[in-house]
Structure formats: structure tokens, C-alpha cells
Ligand code: NAD
Ligand code: MG
């Protein structure tokens, strides 16, 4: 396949998800600038097949082996030259491949850690949506970025907004922000679908109510995380690593309209905000184009229709997950791995209707208490803590069932 010399070669991890689909939407608007090397998914064969037909990647990866076989059959019948790989190792290969310039890290949860880390270790431009990977690996991930000269660009809308509100440049192949004069980062949160609900009402919310986000259309896991405010907790930790700041420098601001995507407050009294419609194609296009700006397909913000901008403090009593995230970050790397693993198990159990909404923080708190103290400095220790915490979470669920 031929493509313009200057075009960038991209692997999209988690291509069939909400971020993956938005990424491909932006890519499709710039056929001369971008070329898809690999698309990956867990097991959604039909969607990945359609995407392969449209973008003609060299590789398609399905983690699930039988899904991979099915996809290969479909593609062969359609006369496609895309080669299908399967298994988690293949995710790392298509991230680290020498032909790749940019990796969109948009797998959900801990499953994204190894391929995202592989992209950083291979010195790629890493477009980071998969916040769980950074929450789990923190220092190790940032060290890989620095040592290998990877270009890390945040895709999470808030972190992308913060990035946009600080001067950025390239230094020794790295993307760096100039934090001179920064006093505070104002990390906005929509507050989720239960922002105004009483604690007593929160006991009985259903998965359908929890995934119905007022402003953003997202995958189910992050939608539940937004409802519990765990998403904001993970984002505080994410911001600490991305911008090398302490949690005290970050203020969570509930802003129900989701028009401002975050702000940076400076020592001269200036507060810079990035605004726009809540559509992930804006931060995705920014990451793909940086330092240039690219057309994203997002409707311009109608400032006259934006009648009001409200701001509130988060309520940690009704949303204890945010508090747990602060505690985990203060306790160290092992605790944040436990926080993330327990949250993933808890959210799935809630979606399966085996536990209630307010059981989510209880399970996480219990699992965090069983975490090692301190911070792991090698990948193996991260993986072991993740597995141990998942086991502890499963055990908690079993115990709850029998009581
Ligand atoms: P999603 O559930 O819509 O998509 C997840 C993708 O990951 C799918 O392509 C799926 O096939 C793949 N996947 C799932 N499990 C996998 C596994 N075990 N191994 C390999 N691949 C697997 O999720 P999403 O909403 O697109 O979110 C993706 C990531 O981006 C998450 O980390 C989320 O926190 C982050 N993020 C999403 C949004 C958003 O608007 N959706 C905004 C900010 C950050
Ligand atoms: Mg976000």
C-alpha cells in the first residue's frame, strides 16, 4: 500500500470502542496525513471487519482467538489483504512495530497496560486515553516515556484541556509543558447522572441509570466511573503523573454543563480554560495534529446557547470513590493498582447486577486495605498486585453472596 511520505502511521488499540471509533472518524477526514497500520479489538468481529474494509490496515488484532479466526475468514472472503493476529502479545507487537509513528491507547482498563507501555518503550507518539494504564504504572510509565523519547499526549478531555492551557514544546524529542506560574489545576467533572441525588436514593440505582451520562456518550465502564466519580479520582492520579504535580495542586470542580473541559490558574490571576462541545474528537484531533490543529468534525460551540456555566465542589460523602482515589495516591503505587483492579471488578459486578451502586466503594476500600505498601518499581510487581487485588475482590463478592 502506498501513502504520502509525510503521512503518519497509526495503530489504534481498542478501535471498536467509543474512543477508537471517534479516532477513526478524525483519521478518515485526513487521508493524506494518516495511514492505519493496525486496528485492535477484544472480540467485536463485525465492527472490526467493517473498519478493516474502510481503512485497510496491515494488521487486525482480536484478542479472542475464535473471533480472530472468524475475522480472518470474513476478510479473506472479501479479498482483503489484512492479516489477522490474536492474543495479547500481538497487541504489544503492533504497538511497538518499527513502522508505527503514533499509537492511540484506547483499550479500557488494565488490559491496556502492556500494549500502552510497549508503545512508550518503543518511543512512539502515545495518544493516551487509557487512563487506567497510567494509574497502574505511574512512575514506571513516565520513566519509559522519558527514557525512550516517546511523545505523550493526553486524550482524556480534561487532561487535554489542561495541556492546551499551558505552553507546550518539544525538548529532546519529548513533549513538555511549561508550568511556570501555574498555581492550580482546576479539573472539571460533570458530576455524572446522580449529581443531585440523595445518598439514600443512590442505594437503588440501576446499571441503565448509571450508564446514561448526561453529556458524554462513552463506553459502559467509564460511564459507571463517571457516575461514582471514580473517573475523577483516576483522573486526579492521571494528572499528577502527566503534569508532575501533587494532588494538592489539583482542585476538582463539578461543572455540570461540561462546556469547560478544565482550567489552569496562574500566579498573575489569569485563569485559562479550554471550552468546546463535549465530543472526544476535539482532544483526539489535537493529539493527532499537535502542534498543529486539525479539522475534527466537531460542531463549533454556540456561545449564545451556552447560557450558563455552573461550578460546585464535589461531595465526597455521596461519592466516596473520589476520596478513595486520593487515599490510594497518597498511600503509593500498590494502593493505586488495588484501587483500579477492585474498581474494575466492582463495576463489572454492578453492571451484572450482583452488587448495588454503593457497594462499589465498599469493595474497593476493602481491597485497598490488602494492598502492599509502597510503590512497585518493576512491571512484574505491578502485575502481581493487580492479580492479587482482583482475587481479593472476587473473594469479597463471594463472601457477600453467602451472607
Ligand atoms: P469502550 O468500552 O467503548 O471500548 C473499549 C475498547 O477496548 C474496545 O475496542 C474493546 O474491544 C477493547 N477491549 C476491551 N477489553 C479488552 C481486552 N481485555 N483486551 C483488549 N482489548 C479490549 O471504552 P471507551 O469508552 O472507548 O474507553 C477507552 C479508554 O479511554 C478507557 O480507558 C477510558 O477511561 C478512556 N476514555 C474514554 C473516554 C470516552 O469518551 N469514551 C473519554 C476519556 C477517556
Ligand atoms: Mg475525562
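For all residues, glycine too, the Cβ spot is worked out from N, Cα and C.
TrEMBL annotations: computationally assigned, not manually curated.
As the structure is a computational prediction, the values presented were derived from the model and not from experiment.
NADPH binds 16, 17, 18, 19, 43, 44, 130, 132 as TrEMBL records it, and from the list 192, 219, 233, 269 the residue named for this site is 219.
What TrEMBL records for the 1-deoxy-D-xylulose 5-phosphate site is 131, 157, 158, 190, 226, 231, 232, 235, and among 146, 213 the residue it adds there is 213. The Mn(2+) site, placed at the center of the C-beta atoms of 156, 158, 235, has further neighbours from the same chain whose C-beta lies within 8 angstroms: 131, 154, 157, 159, 160, 187, 231, 232, 238, 239, 262. In the three-state DSSP classification, residue 231 (1-deoxy-D-xylulose 5-phosphate binding site) falls within a helix.
Ranking the binding-site residues 16, 18, 43, 130, 156 by the distance of their Cα atoms from the Cα of residue 213 (1-deoxy-D-xylulose 5-phosphate binding site) places 18 first. Listed binding-site residues: 16, 18, 130, 231. The one with the lowest count of other Cβ atoms within 10 Å of its Cβ is 18.
For ligand 2, the binding-site residues lying close by, meaning a CB under 6 A from one of its atoms, are 156; the full candidate list was 43, 131, 156.
Taking Cβ-Cβ distances under 8 Å and a sequence gap of 6 or more within the same chain, the neighbours of residue 158 (1-deoxy-D-xylulose 5-phosphate binding site) are 187, 188, 235, 239, 261, 262. Looking only at the binding-site residues 43, 131, 213, the densest Cβ neighbourhood within 10 Å occurs at 131.
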